[in-house]
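Student: Straight out of Swiss-Prot:
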BINDING   LYS141, GLU178, TYR179, ASP187, ARG211, SER212, ASN213  ATP binding site
BINDING   ASP248, GLU260  Mn(2+) 1 binding site
BINDING   ASP248, GLU260  Mg(2+) 1 binding site
BINDING   GLU260, ASN262  Mn(2+) 2 binding site
BINDING   GLU260, ASN262  Mg(2+) 2 binding site
DOMAIN    104-287  domain 'ATP-grasp'
Amino acid sequence: MKIGILSQFPQLYSTQRLVEACQSRGHEAVVINTLNCYMNINSIKPSIHYEGTELVGFDAIIPRIHASVTFYGCAVVRQFEMMGVYAANDSISIARSRDKLRALQLLSRKGIGMPVTGFANKPNDIPDLINMVGGAPLVIKLLEGTQGIGVVLAETKTAAESVIEAFLGLKANILVQEYIKESNGSDIRCFVVGDKVIASMKRQGPEGDFRSNLHLGGCGEVVKITAVERKMAIAAVKAMGLVVAGVDILRSNRGPLILEVNSAPGIEGIEQTTGISVTEPIVEYIEKMVSARKTNRPIIA
C-alpha cells in the first residue's frame, strides 16, 4: 500500500515511528506537509496537489493534524476522502474531537462519565456558573487551548470570578470544570486503536502543578487500567467516531472520568514509558480496513 502521513513535522518522533511502521510491513510511506497541499474541488475528479505535483495512488492516510491548523487540515483530509482514500481518522471525527465543548456534549449524550462542566457567554452568569460545577477550587479552560496551555486552577471563588471575567472580557470561549482533587495532579493516558487499548500510562504533573501533560514537564509511568477504564476509553473514542486516539482519564472518588479525547495523540511519551509499539497496530488496522474496502467484506474492527 501507499500510505500518506499528514504531518507538518517530518522529523518528529511520532512521524518517524509511523514511517518505520509502514515500511516494516512492506508499505510505501510518504510524509505530506498538510499546509503545503492545495486542492482542486470539482464534481468530476477532485484532486490534491503538492509542491507542483498531483497526489495520486494513495490507499490510505494517517492524519496528524496539529490543533492550530484544524480547519485547513480537516479540509485536506476531507479532500482525500472524496478521492476514495481511507483516512485512519476521518475529517468529521477530527473536527468533533477538536471542539472541546461538542466533544463533552457527545460524551454526555452517551452517558460517559466526565467532570461536571459549565459553559457561559455573559459575565452576569458567573456566580451561578461557579456554583453549578460545585464551587471553588475549579478549573478554567480555554476552548482553543492544547497540551495544558490555557488551563487555570482557581483556588477560591474570588479568583475564579476574576479569571472568568478576564477571559470573557477578551471574548475568549472558556469551559469551567470541577476540580478532581483526589487525582493529585495525575491522569491516565490510554492509546486506543479501533476497539483496543494498545497501551496506557499514568502521567504525573511536576510538583505544584495540577496539569499532567508531558510537554509541561510531567512524567509517565506504566499503569494497569481497570476493565471499567478500558471500556470507557473505547466508548469515548467511538463517541467521537475516531479510530486512533489518546484518551485522558481521571480517577475520582465516583469512578473514572473522561477528561479529553485526542485525535493526534503523542507517540513518543507512551512508547518510551511502556515499551509498547503503538504505531504497528495503527498500520495493521489500516491494512484490515483497506483490504475490506477492496473486497467489500464486512468490516470487523
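Cβ coordinates are placed from backbone N, Cα and C, and glycine is handled just like the others.
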Student: How many whole Å apart are the CA atoms of ASP187 (ATP binding site) and ASP248 (Mn(2+) 1 binding site)?
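Tutor: On Cα coordinates alone, these residues lie 6 Å apart.
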Student: Expressed to the nearest Å, what is the distance separating GLU260 (Mn(2+) 1 binding site) and LYS141 (ATP binding site) at their Cα atoms?
Tutor: 12
Student: What is the total of other Cβ atoms whose distance to the Cβ of GLU178 (ATP binding site) is within 10 Å?
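Tutor: The answer is 19 other Cβ atoms.
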Student: With every protein chain in view, how many other Cβ atoms are within 10 Å of the Cβ of GLU260 (Mn(2+) 1 binding site)?
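Tutor: A 10 Å sphere around the Cβ of GLU260 (Mn(2+) 1 binding site) contains 22 other Cβ atoms.
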Student: Can you tell which of the binding-site residues (ASP187, ASP248) has the fewest other C-beta atoms within 10 angstroms of its C-beta?
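Tutor: If we count Cβ atoms within 10 Å for the binding-site residues ASP187, ASP248, the smallest count is at ASP248.
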Student: Inside 10 Å of the Cβ of TYR179 (ATP binding site), count up the other Cβ atoms and send me the figure.
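Tutor: Taking all protein chains shown, TYR179 (ATP binding site) has 18 Cβ neighbours within 10 Å.
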Student: Which residues of the same chain, at least 6 positions away in sequence, have a Cβ lying under 8 Å from the Cβ of LYS141 (ATP binding site)?
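Tutor: Those within reach of LYS141 (ATP binding site), by Cβ under 8 Å and sequence separation of 6 or more, are LYS100, GLY150, VAL151, VAL152, ILE174, LEU175, VAL176, GLN177.
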Student: Tell me which residues of the chain lie with their Cβ under 8 angstroms from that of ASN262 (Mn(2+) 2 binding site), as long as they are six or more apart in sequence?
Tutor: SER97, ALA245, GLY246, VAL247, ASP248
Student: On the 0 to 100 pLDDT scale, where does the domain 'ATP-grasp' (104-287) sit on average?
Tutor: 90
